[in-house]
Ligand code: DSN
């Protein structure tokens, strides 16, 4: 590379990534093949439109790449093309979720007034995502969020309470799948709740997509109407998103709803112009990698490692939200309302916890815990994930050591005034 400044910075970042223990739950390390596709000549190509319906010439190779990517996406999750459609053009998770709302529950102008529809989504501070209707996101400005959360005592979903909210508020769409929820989600119950109030059921499986692909987490496809996912978390692909949607759904009169056509239109030309073709090729590569037996072993190992990390920290006195994990993700209350427990662990605000860990080479993110009393800029906890370090070959014995290191660093941090 001739640009020395950027070359040096890329090389510094490469070194940083190698040196640290990366426990960011939403990050991973892609293969050389994924990087090669991302850095290919495909980045030069404009391809507005979809396969065989493009607004630019010269797309004979691009059409094949997009078709292959779509076929691999459906195959990986065991979906029949007569029942499911997939859009592979969304640039990332937030635009993908916005495209779903725009397509299926759009704001309507009635008698000159904007009528906003309701998205029932988990609150950000309970583990939801900004695009599940939070007020600072466009999804909370053009739609009305009906928030829900976890049970205060168990810190897991209370489906009876969710049903009550749904029946009272009658949302147009219910979003399940979260960014800071470590436990199994009962998709069947979510389907029952959506049916009870006549809502569309959307699952945002961004965090767990790799686990679903690797059969290490229950698949939502049997129950959901729409499934969105980013590709760059447990699925270990490039930064990108996929939208899966049922194409065979009919209305009460038996007419096809054509949700897939609406979704495609919402992505392009609704929200974006030309797709990033290099990214689509890299997604295709990652999807092929995720269909191998080696990836299944990887997904199983992510879960095993997460359990060891959660148990290790719990045994050393740290409060693990919900008491454990069924995925790659762990939420730790480092603050415990300012108290230390009988094992002397606690009373480290999330920001200090994250900063101190980073100084010692362990990268995490500070995170709100359910019913947090501290501000989002310095919440009560940290979020950990095992996907990235599992890619680098770490096993249970390594995560026992990592738990011990985290405990040591946080205990030292307890002695700093807050
Ligand atoms: N930022 C992602 C995460 O860390 O979960 C979600 O967008």
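Including glycine, each Cβ sits where the backbone N, Cα and C put it.
The following features are taken from TrEMBL:
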BINDING   124, 128, 129, 130  (6S)-5,6,7,8-tetrahydrofolate binding site
DOMAIN    2-405  domain 'Serine hydroxymethyltransferase-like'
MOD_RES   233  N6-(pyridoxal phosphate)lysine
SITE      232  site 'Plays an important role in substrate specificity'
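Sequence features, as recorded in TrEMBL, placed on the structure.
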residue: 124; record: (6S)-5,6,7,8-tetrahydrofolate binding site; Cβ contacts under 8 Å, 6 or more apart: 130, 132, 134, 368, 376
residue: 128; record: (6S)-5,6,7,8-tetrahydrofolate binding site; Cβ contacts under 8 Å, 6 or more apart: 121, 122, 134, 147, 175, 178, 179
residue: 129; record: (6S)-5,6,7,8-tetrahydrofolate binding site; Cβ contacts under 8 Å, 6 or more apart: 93, 97, 121, 178, 179, 204, 206
residue: 232; record: site 'Plays an important role in substrate specificity'; Cβ contacts under 8 Å, 6 or more apart: 26, 27, 28, 30, 238, 239, 240
residue: 233; record: N6-(pyridoxal phosphate)lysine; Cβ contacts under 8 Å, 6 or more apart: 25, 26, 27, 28, 206, 207, 209, 210, 387
- Query: Looking only at the domain 'Serine hydroxymethyltransferase-like' (2-405), what is the mean pLDDT?
  - Reply: 97
- Any further residue of that chain within 8 Å (Cβ to the Cβ centroid of 124, 128, 129, 130) of the recorded (6S)-5,6,7,8-tetrahydrofolate site: 121, 122, 123, 131, 132, 133, 134, 137, 179
- Message: Return the count of C-beta atoms lying within 10 angstroms of the C-beta of residue 130 ((6S)-5,6,7,8-tetrahydrofolate binding site), excluding that atom itself.
- Response: 18
